[in-house]
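As recorded in TrEMBL:
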BINDING   A:Asp77, A:Asp79, A:Asp81  Mg(2+) binding site
BINDING   A:Cys78, A:Cys94, A:Cys101  Zn(2+) binding site
DOMAIN    A:30-103  domain 'Phosphoribosyl-AMP cyclohydrolase'
There are 2 protein chains.
Amino acid sequence: MAFDPKALKFDDKGLIPAIAQDAETHEVLMMAWMNAESVAKTLETGKVTYWSRSRQSFWVKGESSGHVQELVDFRYDCDQDCILVLVKQKGPACHTNRRSCFYTAVRDGETVELMSPMG
Amino acid sequence: MAFDPKALKFDDKGLIPAIAQDAETHEVLMMAWMNAESVAKTLETGKVTYWSRSRQSFWVKGESSGHVQELVDFRYDCDQDCILVLVKQKGPACHTNRRSCFYTAVRDGETVELMSPMG
C-alpha cells in the first residue's frame with residue numbers, strides 16, 4: 001500500500017514524536033519531533049529531518065554539526081502516532097557530545113551518569 | 001544526586017513520552033505517556049506504569065492482559081523531556097498481539113508489515 005505521511009496522527013501542534021535508534025547497535029539515540037513535511041523530507045532525502053520546536057524550522061540532523069543521521073529504515077507504530085527511525089549515526093547524537101541523549105539513569109533513587117562525552 | 005520526578009519536563013498536559021525497550025534484545029517495543037505520579041509508581045513498584053490519555057487513568061502495563069513490563073533500568077534524556085525504560089517484556093507489548101508496536105515500515109514509498117501477531 002502506498003504510504004501517505006498524512007496517514008500518521010499528528011498532535012494539536014501538527015507534530016509526531018520520532019525515536020532514533022542506531023541500526024547496528026540498536027541503542028536508542030534520541031527522541032525529537034517531526035511534522036508531515038519533515039516526514040516527507042526524511043523519506044525523500046534519506047537524511048533524518050526533524051522539526052525544531054524552539055526554532056520553528058526544519059532541522060536536518062547534523063547539518064551544522066556534521067553528526068548526520070542516514071536513514072536505514074522508517075517505521076511507525078500501531079496507532080500511527082509515533083515514528084521509529086533506524087539510522088546510521090555519525091559521531092554523537094546528543095548535543096552534549098555523547099553518543100545517546102539517554103545517558104542518565106535512576107538507580108536506587110539516585111541519578112547516575114552512564115556515559116561521557118565523546119573525545 | 002537524589003532523583004525527583006518533578007525535575008522532568010512535562011508538557012502542557014502534564015505528560016512526558018516514555019519509550020519502552022527490551023533490555024535483552026534492545027528492540028524498541030512501544031511508546032506511551034507518563035505523568036509525574038506514574039513515573040513515581042514505576043520506580044516504586046518496578047512495574048512500568050503509564051498514564052492512559054484515552055481513559056485518563058493509570059495504566060499498569062499488562063495488568064489486564066498479563067503482558068507486564070518489569071522495569072530493568074529507568075533513564076531520561078539530556079533535555080529531561082523524554083524517558084527510556086529498559087524492560088523485561090512478558091509476551092507481546094502491542095495490543096495487536098505483536099511483540100512490538102513498530103511493525104510497519106515504509107520502503108520505496110510502500111508500507112510493509114514486518115511482523116505477525118504472536119501465536
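Yeah, the Cβs are placed from backbone N, Cα and C, and that goes for glycine too.
Features per TrEMBL, on structure.
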residue : record              : Cβ contacts under 8 Å, 6 or more apart
A:Asp77 : Mg(2+) binding site : A:Ile83, A:Leu84
A:Cys78 : Zn(2+) binding site : none
A:Asp79 : Mg(2+) binding site : A:Lys9
A:Asp81 : Mg(2+) binding site : A:Leu8, A:Lys9, A:Asp11, A:Ile16, A:Pro17
A:Cys94 : Zn(2+) binding site : A:Leu29, A:Met30, A:Ser100, A:Cys101, A:Tyr103
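The domain 'Phosphoribosyl-AMP cyclohydrolase' (A:30-103) scores a mean pLDDT of 97 in the predicted structure. There are 25 other Cβ atoms within 10 Å of the Cβ belonging to A:Cys101 (Zn(2+) binding site).
Across the range of the domain 'Phosphoribosyl-AMP cyclohydrolase' (A:30-103), the DSSP-based residue counts are 10 helix, 29 strand, 35 coil.
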